[in-house]
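Asks: Dropping the structure in here first, questions after.
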Amino acid sequence: MKGAGGWSPLISDKYQWLEVDLGERTKITAVATQGRYGSSDWLTSYLLMFSDTGHNWKQYRQEDSIGSFPGNSNADNVVQYKLQQPAIARFLRLIPLDWNPSGRIGLRLETYGCPYTSDVVSLNGGSSSLVYRLSPGPWQTSKEVVSLKFKTLRNSGILLHAEGQQGVSLSLELERGKLQLLLRQGKTSPEPLHLTSLGSLLDDQHWHHVVLEQKSAHLNLTVDKNTERVQLPAEFSRWAIEQGNVTFSCAEPVSVALTFPGPQSFLQLPGTTASSPGGVSVGFQFRTWNKGGLLFTFSLPQQEGMVWLYLSDARLRLMIHKRLSPAVFSGAALNDGQWHAVDFTARRGRLTISVDKGEGGIAHAAPSFPITAESQLFFGGKSEFRLLGCPAEEHSEECRNLFETFQGCMRLLTVENQRVDLIKVQQRLLGNYSQLQIDMCGIIDRCSPSRCEHGGRCSQSWTVFHCNCSDTGYSGATCHSSVYEQSCEAYKHNGNTSGHFYIDVDGSGPIKPQLVYCNMTEENTWMVLLHNNTELTRVRPSPAVSQHSVHFDYSSQEEQLLAAISQSEHCEQELSYHCRKSRLLNTLEGSPFSWWLGGPGQGRVQTYWGGAHPGSQQCACGLQGDCVDLQHYCNCDADRLEWTEDSGLLTHKDTLPVRSLVLGDIQRPGSEAAYRVGPLRCHGDKNFWNAAFFDKETSYLHFPTFHGELSADISFLFKTTGSSGVFLENLGIKDFIRIELSSSTQVVFSFDVGNGPLEVRVESSVPLNDNRWHRVRAERNVKEASLRLDELPVATQEAPTDGHFHLQLNSQLFIGGTASRQKGFRGCIRSLQLNGVTLDLEERAKITPGVQPGCPGHCSSYGSLCQNHGRCVERASGFQCDCSLSAYAGVFCQTEVSASFKPGTSVSYTFKEPYELSRNSSALPSSIYSEMTLRAENISLSFRTNQSPALLLYVSSYYREYLAVLINKHDKLEVRYKLDSSRDAEVLRSSVRNVANGQLHTVTIKRLTDSVSVQIDENAREDFNLTSDGEFNAVKSLVLGRVHESDDLDPDLAKLASLGFTGCLSVVHFNTMSPLKAALLHSDTSPVIITGPLVQSNCGSAASTNPYAAENTHHLSGKKGGASFASSVKNRLERVRVCVCVCVCLCVSALWCH
């Protein structure tokens, strides 16, 4: 280095190399290059190869993937590279890839390292072995480590066998080029237990490093740089590795291989000689990951045809093109990366193809013409031969190249049973070749270790790998990103309603998705996790057993449970004990009769009951001071003969979930008990609403360095009124990662991992600075980088073809700004997660100037989820739909409020009494009361009935005026207005037929003074005009169903009103009032009178095919106002409570009688 001269071959092409013999095996730690002295000759990129023998070269790869090294930019500067993993070899070979286009290949080279010595032993695969026995005496070391290196050409064999106690043994065996760790429970055990497997392609005659490290019951197996951890049985606490004849040297068989890396790679060899017997015989071994590829081909004499031997669907196929001879098939699954031997023989009218000496299959054929190869034999490459009979200008599919290009390795080539000297080929002394890598097999197992995450199944070809993510719950090129939301809260804000959902609490983290029930019917969104017994269960004592113990198994795994609890703002679990002469906790000073275990793992002992505080040894009544016996702190501790109970909610997350329950006082005569442990219920997602507001472009939050070397995903929501700004940035020495709003319609994800900046952009058709929440999801893995904005299509950029680099960052992670304090973001960022871990923006914002914790204003984004006139109301964390002005209910005002009516059912909704006109009505809810005189109505309802005629809705007046909506005897809808008591009612008949057909119909009626419109379902709107003055004076009440006060009605309408209505009414809306909803859900606060049976039902749902079979338990009858309804609910609850006790008593009595 730095001397005059340098190496420069006569011909500058990619077939040149410089080989260095270091004289002995050396630990090579670095290389340095420089151009040829005083010239324009230097390399710009090159490959490094290493070998122990000068044969069987192995390419050195950076970061397991990158093969090439960048070289020099001039002839004088020295460029040095420290090898990430030192290479141990005697020979080094440098292969130029590119050089100065204005010069030639020129190089000065220097290597750095030190001599490497080690003891070796050669095992011949027969009875040879090496035994290691531990010295007798007590075990002293806390761990045992066995480390070795091996090399072999065989793909199977026992590498190490260790004996434990009681016949337990451990074996490390090579099987199909992989190391398998097997455990046998004794010499007579049938099949060994497979603990793990590691490594691949280990039969490549290169050194591989194996380490076994045992510490107590754990064993770490490391092969090269990859480690797996397994659990060992207790009998394997100490071990001995079981001397035969061995050779303390290492034989180095020479096996020259060829690598066919691409479509231009081929080998041409001379065909058979005249002295050869008639026919042809060719043999070789190959290995590949591809399902297809042309292996070899030759022409028949006098150009009478062609012979092709190729892979198709991982099977070996032979096709002879002469009179369209049929193909011959042999072998299967030949793309497994293993070496496969192929023998092709054609003699005396018989053709034979053998795979793996017959073990992989043999195929025969008897062609009617001789098969000889007097011309050249071609291995690999493209088939440029056209089918006979195809004109030169023909471009049909049959006349194009027939076969895929072979990409793989070959070795042990023979022609007429003579080994082909491939070194002569390399020296251009035999045959010809193009773009071959000679004396090496460059196969790489891209699936070992697998880059597919979360159980994705890896498959590969010669150049790429693919991850099958089906049934994993994850998506993306490497199955990295979860397809599920992280909480019920997130599902709610996607517009979902109650149901079962998979949630993935840590996103792309290691915890698997879990199935939970999301209850979205209340103000809080509850996540419900079930266990194996949530029912009230009677205790059944067993003879001679003083305690009753029960364990609860949850549907979620341990890590899923704990993560769900930790992520939630509040969790609770009901714990109740029903008792008769069965004490629960005893006194504060005494030992408790019963206890439960709760919290992580098996749980910790807890001696308090539902509704009390941890460690108090009390029940809820003891905390509230209302136990049945004030000398005790639990009702059951009073030890009474009457049934009583202690129930309440456990709300301290550190003690949840309940794992086990132990009940002690159950064996005394007369003792009876029952218990219930409810499902675990949690609400609130601490991560989903975690937000910060950046009010200046110079403000930012900073966090520790982001570590996403090979796989990184970032997700967050933002809203802003600004047109640009950086969301996130993290820098390294050269590397960086950044996500920014580059314009009001574009988000950019950019990074540099040492091979140049890469950008992924997503353009929105609508402005992003609309102060509404927008979601960003970015991912970078070894295959691609992707960016997704809201629900727009994903934008992707493939990783460089020469492999992947580690992302190396070292600065702080900046959120909302940059280290330079330029291009900062103004607005809100929420729910920021990096690789599934949420950054606590709010806590950091509390101590950071210019940044505020939290971010209000969610209705601008989520208000559209409130349906059917529901109103969005802001909350500190999220929003709520106010359905008071809607005829619907539910979390998004989307649930139909429906009821089944019988002939005697009547719902009467009273408007203002006359004396209320003089009172101030501003303090009264507008959803309940209306003005006395109406000049307009907006009416909507749905109905389902077979009754004809039938009265659907009736509105009366103190001035003998009315409005009626009915079905006439012709099954058509009528609207009758009587707005002048001195005139007959005006009848508006719809032309829509057959509305009393049992199907669900929706009616909308709108009036403005004398103009009326009627629309039924999706039919055309029908318009009518009234002749009256258009004022509906002093409205009195609205009646659904049977009308009891019919004195003011016309005779025919009075008769119809007395019949009542049989069928279903749903979502009845009159101006701002919802009378049916008021009767069913708010009768205690609404001016409503209910007569006869009224049953809430889902009959108004379009999906309901049998509406009368799905009635719920809200039965209201003969109630007026709120007091009677509240009383009925209280009585009903009391009946349920009594029924529980009576049932328990009867069951126990019956059992005692038997």
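From the backbone N, Cα and C atoms, a Cβ is placed for every residue, glycine too.
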Asks: Disulfide-wise, see what TrEMBL says Cys855 is paired with, picking from Cys682, Cys828, Cys883, Cys893.
Replies: Cys828
Asks: Check the domain 'Laminin G' (690-855) against the domain 'Laminin G' (912-1099) for contact, please; criterion is three or more CB pairs under 8 Å, pairs 6 or more apart in sequence.
Replies: no
Asks: Using a Cβ cut-off of under 8 Å, list the residues of the same chain at least 6 residues beyond the domain 'EGF-like' (443-480) that approach it.
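Replies: For the domain 'EGF-like' (443-480), the sequence-distant neighbours (Cβ-Cβ under 8 Å, at least 6 residues beyond its ends) are 178, 198-201, 226, 259, 261, 287-291, 337, 407-409, 502, 504, 508, 512-513, 710-711, 713, 779, 781-784, 786, 801.
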Asks: Restricting to the domain 'EGF-like' (856-894), what is the model's mean pLDDT?
Replies: 88
Asks: Give the number of CB atoms, excluding that of Cys855 (disulfide bond) itself, located within 10 Å of its CB.
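Replies: Within a 10 Å radius of the Cβ of Cys855 (disulfide bond) lie 24 other Cβ atoms.
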Asks: May I have the DSSP-based helix, strand and coil counts for the residues of the domain 'EGF-like' (443-480)?
Replies: 0 helix, 12 strand, 26 coil
